[in-house]
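Below: one structure, written as C-alpha cells.
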Amino acid sequence: MIITIFGPPGSGKGTQSSLLIAKYNLKLISVGDLLRNIISSSSELGKKIKGTVESGNLIQDEIICGLLRDQLALVDDNCLLDGFPRNLNQAHFLTQVLQEKYNRDVDIVVELQLDDNIAIDRLKNRLACLDCKSIYSVSSFKSTTCAKCKSTRLEKRIDDADMSAINKRISEYHLQMKGLREYYKGKLLTIDANLSVDEVTQEIESKISCNLV
C-alpha cells in the first residue's frame, strides 16, 4: 500500500504519519525531515535550502524530486509519503516514478484540512525535538526534556520563526492544492485536522478502512 499525506503547515502531518506507519507497517519518507537533515549538515545545498525555507518559499521541484527518487529506491511498495507531492508537477513526477518502479500509483491520498487561524496559532507555539522529531506546544508543554526520547534539544523550527513566512507558506499551500485535489480525485480522503490528535487518527483510519473494502 502506498499512502501520501499532505496538509497545510501545522496540520499534524508528522504526528499522523508516525501513527499510520505503525498501524499499517509502512516505511516513512518524510520530505520535511529530509530537508531539515540537509539544512543541519551546513552543506552548500543545506545553506541554499535554509534560505528558501526561512523566506517561506517552496524548495525547487528539481531538489525535492531528486530526494524523493533516492528515498524510493530504498523502500518497497509499502510506504507513506509525508508532505509529498506539494504541487501538480511533483504529482506527475511521483506517478511516473511509481509506475517505473512498481507498475502502480498511489493508493490513498490523505488531505488534512485545517483552518488558517488554527494553523497560525499552532505554528507560533510549535516546539520540535531535534532528535526524535516529536512536536509539542509551548503553551502546554513546560518541560525542557522531550517526553518521548528524553532529549533536551527542543527548539522552534526555523520556518516557524517569521510570521510573514508562515502566512506565505499557508497561502502557497492553498494555491497548489487546487490542482492536487483534481489530480487525485477518487483517491482523496479529506480529514478535519481541527480536531484532537486522537479524533483525527480515528477519522483517517475509518476512511482508509472503507477505502480498502
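Cβ coordinates come from backbone N, Cα and C, glycine included.
If you check Swiss-Prot, you get these features:
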BINDING   G10, S11, G12, K13, G14, T15, R126, I135, Y136, L195  ATP binding site
REGION    30-59  region 'NMP'
BINDING   R36, N57, L58, I59, G83, F84, P85, R86, Q90, R157, R169  AMP binding site
REGION    125-160  region 'LID'
BINDING   C129, C132, C146, C149  Zn(2+) binding site
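Location within the structure of each feature annotated in Swiss-Prot.
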residue	record	Cβ contacts under 8 Å, 6 or more apart
G14	ATP binding site	S30, G32, D33, D82, K133, I135
R36	AMP binding site	R157
L58	AMP binding site	T52, R86, N87, E172
G83	AMP binding site	I5, F6, K13, S30, V31, G32
R126	ATP binding site	G10, I135, Y136, S137, V138, K156, R157, D160
C129	Zn(2+) binding site	I135, Y136, C146, K148, C149, S151, R153, L154
C132	Zn(2+) binding site	C146, K148, C149, S151
R169	AMP binding site	P8, P9, G56, D159
Cβ packing number for G12 (ATP binding site), 10 Å threshold: 21
DSSP three-state assignment for G14 (ATP binding site): helix
Those residues of the chain, 6+ apart, with a Cβ under 8 Å from that of Q90 (AMP binding site): D61, I64, C65, F84
Fewest Cβ neighbours within 10 Å, where candidates are the binding-site residues G10, P85: G10
Same-chain residues at least 6 beyond the ends of the region 'LID' (125-160) whose Cβ lies under 8 Å from its Cβ atoms: 9-10, 12, 14-15, 33, 36, 39-40, 50, 53-54, 56, 166, 169
Tertiary contacts of the region 'NMP' (30-59) (same chain, 6+ residues out, Cβ under 8 Å): 13-14, 17, 67-68, 71, 81-84, 86-87, 130, 133, 157-159, 161-162, 164-169, 172
Cα distance (Å, whole number) from G12 (ATP binding site) to P85 (AMP binding site): 16
CB contacts for Y136 (ATP binding site) [other CB atoms within 10 A, all chains]: 18
